[in-house]
């Protein structure tokens, strides 16, 4: 079963990462903001380009790595601020158009995010069950949206899914979570 991060755990990871003012720390904080806010896939972040951020309209264009379709999302203030700080103070001077690059030469796009996410979870003292890679932020975002009664179709669109069936595995955990809460209510009985 995939891990689910709760809102307070996500906040702890973001606060912990924001304290690291090194170039890698500024980059990681911006990436974690994207993961936490939008539930993006690792590949969507790694392939994000500088021109995908439109500061004038305050939007971010996301190319979904599985479907190659684009989604235009509102650029939230925390995400925009983290990206801006990274661009001004953390990103090395390079001709690479990818937004997030390695902090050491050769400056090219990141290969993977898994080890960075694992390290940042550990640094924040967050110990989720099961896997600890970037995808747990995606599951957390989908679960949070379902708990907020956002329709499954909208959740799927935000996650870049072409079909509602693709969204179902993300929502199964939230449904089980809600069922567990219902079973704990006084006066409810479970029949075997």
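Backbone N, Cα and C define each Cβ position, glycine as well.
Keep in mind that what you see is a predicted model, and the values were worked out from it rather than measured.
The following features are taken from Swiss-Prot:
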| type | residues | note |
| --- | --- | --- |
| DOMAIN | 1-183 | domain 'Tyr recombinase' |
| ACT_SITE | 41 | active site |
| ACT_SITE | 66 | active site |
| ACT_SITE | 135 | active site |
| ACT_SITE | 138 | active site |
| ACT_SITE | 161 | active site |
| ACT_SITE | 170 | active site, O-(3'-phospho-DNA)-tyrosine intermediate |
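Locations of recorded Swiss-Prot features on the structure.
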residue	record	Cβ neighbours (10 Å)
41	active site	21
66	active site	12
135	active site	19
138	active site	21
Rounded Cα-Cα span from residue 66 (active site) to residue 135 (active site), Å: 14
